[in-house]
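> The [4Fe-4S] cluster binding site annotation in TrEMBL covers B:CYS25, B:CYS29, B:CYS32. Taken from TrEMBL, the feature domain 'Radical SAM core' applies to B:11-227.
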Amino acid sequence: MNAVFPTPQSETSERLLSPEELEAALRDIGARRYHNLHPFHRLLHDGKLSKDQVRAWALNRYYYQAMIPVKDAAVLARMTDASLRRVWRQRIVDHDGDAPGDGGIERWLKLAEGVGFRRDYVESTDGILSATKFSVEAYVHFVSERSLLEAIASSLTEMFSPNIISERVSGMLKNYDFITKETLAYFEKRMTQAPRDADFALDYVKRHATTPALQRQAMAALTFKCNVLWTQLDALYFAYVAPGMIPPDAWTPGTGLVAETQTQAPGTGRLSAADVPRLPRGVRMRFDQTRDKHVLLAPERTFDLDDNAVAVLNLIDGQTSVAAIADRLGQTYAADPRVIEVDVLAMLNDLAAKRVLER
Amino acid sequence: MNAITPNAAAIPAPVGLLAELTHRCPLRCPYCSNPLDLDRRSRELDTATWQRVLTEAAALGVLHVHLSGGEPTARNDIVEITETCAKLGLYSNLITSGVGGALGKLQALYDVGLDHVQLSVQGVDAANAEKIGGLKNAQPQKMEFAAKVTELGLPLTLNSVIHRGNIHEVEGFIDLAVKLGAKRLEVAHTQYYGWAYVNRAALMPDKAQVDQSIRIVEAARERLKGQLVIDLVVPDYYAKYPKACAGGWGRKLINVTPQGKVLPCHAAETISHLEFWHVTEHSLGDIWANSPAFTAYRGTDWMQEPCRSCDRREKDWGGCRCQALALAGDAAATDPACSLSPLHAKVRALAVEEAAETPPDYTYRTIGANIPAPNKEDALS
């Protein structure tokens, strides 16, 4: 990966910022560091992840969701003002619900079940990446140990979440056949909850960060929280996208899933980089001399192929993985193989959906 | 090719050859697309002639060959013909009923390079299916045949022709396709030409049934994305615009009958004033470029209003010429299936009326049957 991360700007101004300037500075942190900028999220929203990669995300993110009320209870425990607690405790209610079967954690479990997990496996947190756990636990410790201002400021990533959520919901519904509107019910709720929570927290920070030092603490707290989220996606990318190093005891595809009721025909479904694609019997590429172009012949249809498609299909031999095909194309065209890989996967998954390519 | 003619450059090369190898078939489906006047075995082209036709087709630019009939495996030389396709690089598609000798020849067809099998299924319930196909014990043979196709690793398409006798089974056809391991399913509402035109009153479903079948297919497409591709052909009479018949007259498809007549579509012989050329007298390229039947309705010059000035004239090419003749009494008229045709309301009313009546018995497809061609008497104009 050669993704260029924005260099953090100096936030060491000694001057006291006006409340408006402080808000602008906080929003600027989100614009540069919020995890919607992470390559993993781009892949997620654009439909470039395999079903198993989406599962890894849903499973790990459960740990974050499950610990949010613990985090908020720690914040609550530090509030000496009842009126503040009355507002903050709503966050715990939102996540835990008022009764079994209700609340944000429950809705996240529904999402995990929607992508095929058994509920008990998800709740056990057995397959969670240790990097996910470290990040989330660092967040709980942070709000317990730092000032109340910093604890509240660290929650301000909610200012940035409505955008990412609407992008995520529409992207996932469009791009993944296994994602339904019901599966994504969690996000529907958050669309209204997050802005309400963020408005309150932002107002608190603007009123209480009354010195340059306090303002810098608030900004640092929000930066820390962005890193908590970013690091979780780094870990997912490293384990499940590239290089695909899954740590010992972390979830591996096939584990913790409900036995699929409708058996998937062998060789079908979305491909990921590690899969080996092949053209099944009855699908073949040939050069059409009459029309002076390559075509892919398939049952009852003919696909016209451009040069890129021909280059990819020429490398499909039933033994070479998508990643290896991208590597070879990267050498041939002197381009980043991981960038090529995304395009190759999109093309191959399109052919797989039309049932003319298998693995 | 020897068929370089002055206007050949302007004519697109055909992509598909529908090779109707024989009209013989163990089934007697009342919607068969074959003509009412079926060719007898004694008039069928011999092996060498078919091989020459295939060679000419490949040189002309054909990519897909649909080995059809009748039942193509009724021919003793089906394996040789398929092998010729493979040697020429032509994509071979066997369109079969799966009964009679089909199963016995499948392994040999696979060995010589058959590319794809399209199997017809008349119904899901065996008794219903066998009533429609007019052959007892056909269903178990079809199921055994389908199992063998997928066991060999050949891609399988199920083709179900939908009408009022099986429209309640659309969901069942989808389940059956999944169960049999098919990659494609064609849910094709009956097109009312040939035998289907004779049997129209027995076959026409009502609008609510048609709408329901479309909803079922759309839901299944979503549910089975990546596992089963479902092609849906909606019935003309209830449509807003007609289909581009065979992709446009003389644009994509070339059709050779068992006795060697070359047609722009399989029903074209119902237009009795057309002059068809024969593969034993002309090369395929010459026929494609110059035969009167192909030039008659190719392009847009022949069109009348409302087609002539219509924005869609190069999308649907005026619809079906055979249907225009049958329903409007003029093969150059706008297809009355089109909502822009002045006759469209009558066509729709006719469909509604027939669907509301108790269906008459089927007139089964039979070689040598004496059935009056219905294309003039009940034209609507």
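Residue numbering: from 1, along the chain as shown.
Just so it is clear, glycine is given a Cβ too, placed from its N, Cα and C backbone atoms.
TrEMBL labels come from automatic prediction, so no person has curated them.
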> If we count other C-beta atoms within 10 Å, could you say which of the binding-site residues B:CYS25, B:CYS32 has the fewest?
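Counting other Cβ atoms within 10 Å of each of the binding-site residues B:CYS25, B:CYS32, the minimum falls on B:CYS32.
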> Residues near the [4Fe-4S] cluster site, B:CYS25, B:CYS29, B:CYS32 excluded, by Cβ within 8 Å of the Cβ center?
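Along the chain, the qualifying residues are B:LEU27, B:ARG28, B:TYR31, B:ASN34, B:GLY70, B:SER97, B:GLY133, B:TRP195, B:ARG365.
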> Suppose we draw a 10 Å sphere around the Cβ of B:CYS29 ([4Fe-4S] cluster binding site). How many other Cβ atoms does it contain, all chains included?
24
